[in-house]
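The next block holds one structure in the form of structure tokens; read it before the comments.
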Amino acid sequence: MKLLVGTLRLWEVGRQVAFSSLTPGQECSGLRKTFWAAMRAVRTRADHQKLGHCVTMGRIMRPDDANVAGNVHGGTILKMIEEAGAIISTRHCNSQNGERCVAALARVERTDFLSPMCIGEVAHVSAEITYTSKHSVEVQVHVMSENILTGTKKLTNKATLWYVPLSLKNVDKVLEVPPIVYLRQEQEEEGRKRYEAQKLERMETKWRNGDIVQPVLNPEPNTVSYSQSSLIHLVGPSDCTLHGFVHGGVTMKLMDEVAGIVAARHCKTNIVTASVDAINFHDKIRKGCVITISGRMTFTSNKSMEIEVLVDADPVVDNSQKRYRAASAFFTYVSLNQEGKPMPVPQLVPETEDEKKRFEEGKGRYLQMKAKRQGHTEPQP
């Protein structure tokens, strides 16, 4: 009976899609073609979900999800994005018989905060596997906010995440990923290009971010030293997966908090996360480690601030391992006036040669992203 009901529902959806796309002058042959094309589209979506390539999760935003301005904390959104990605990638990597594994977050591509999310709204997070290599999974995530009083929905975030499957028997062993079926050959080729690009950038970033932020006494306003900040956090069980390693989303939220402190100290106004450049996870963080999350201003444009955030882990209960770099990223913040509109920020004053070099590198990233946005903007009539 359930199979019959499901078949009838599938037929009805296909019929409605087909008839909604017809024009009055179409003939029966056109009707048949449109109907069966719609049926194939519906079945493709259903099969895609059945195979486990999509997952959707949602929850209402509570007061404890808010930042000081009253909107949903950017770190909370990043954490939800990572949770959805971890679910779908771990499920996929265990979809075939073999050694069991857990998917570990390796990298988050640039994430833009397109629209603020408010307390009381429902966050809908949808994740889809879009590419698999031999040892990694690409997951694309979309975040929608819904006002349940008015029914209004809007897109707030888009992100791309990369995961690697680690064996439950030996977490240092990376397992092979079951391949996915692509609808078009072009999809696989485009995914392979994205994979090679992120792999190269991850290797370059790991060696570039080698220095540690050092505190300076009595710094001058608007300098790097004036606003640089750090948080020290002891990793506990609530921060970790069932296997004793820190959730990537926990690390990202702490990174966002430090970046927000740096931005607020620099401009002394309300600030919000505008975007996050690629977050690279260089190494795993175990339960019991003490992590130091350090942030420093690297560049300012007229209305935006770029903050570099570094995460260093110290295995205090393991004398055999030294302090190491666990993650790094660049966050972009904007300053808001009382009406919630972007306003100019104080210009950063780099003092040392390293600070001047980082400023020029940040300027290059800013101009590159600005040109990319302008290139995607459609000309107005």
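Cβ from N, Cα, C; glycine included.
Pulled from Swiss-Prot, these are the features on record:
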type     : residues : note
MOD_RES  : Lys169   : N6-acetyllysine
MOD_RES  : Lys199   : N6-acetyllysine
DOMAIN   : 225-339  : domain 'HotDog ACOT-type 2'
MOD_RES  : Lys284   : N6-acetyllysine
REGION   : 342-381  : region 'Disordered'
COMPBIAS : 354-364  : compositional bias 'Basic and acidic residues'
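Of the recorded residues, Lys199 (N6-acetyllysine) and Lys284 (N6-acetyllysine) place their C-alpha atoms 17 Å from one another.
Ranking the modified residues Lys169, Lys199, Lys284 by the number of CB atoms within 10 A of their own CB puts Lys284 at the top.
Rounded to a whole number, the distance between the Cα atoms of Lys169 (N6-acetyllysine) and Lys284 (N6-acetyllysine) is 16 Å. The predicted model assigns the domain 'HotDog ACOT-type 2' (225-339) a mean pLDDT of 94. Here the region 'Disordered' (342-381) has, by DSSP, the following mix of helix, strand and coil residues: 24 helix, 3 strand, 13 coil.
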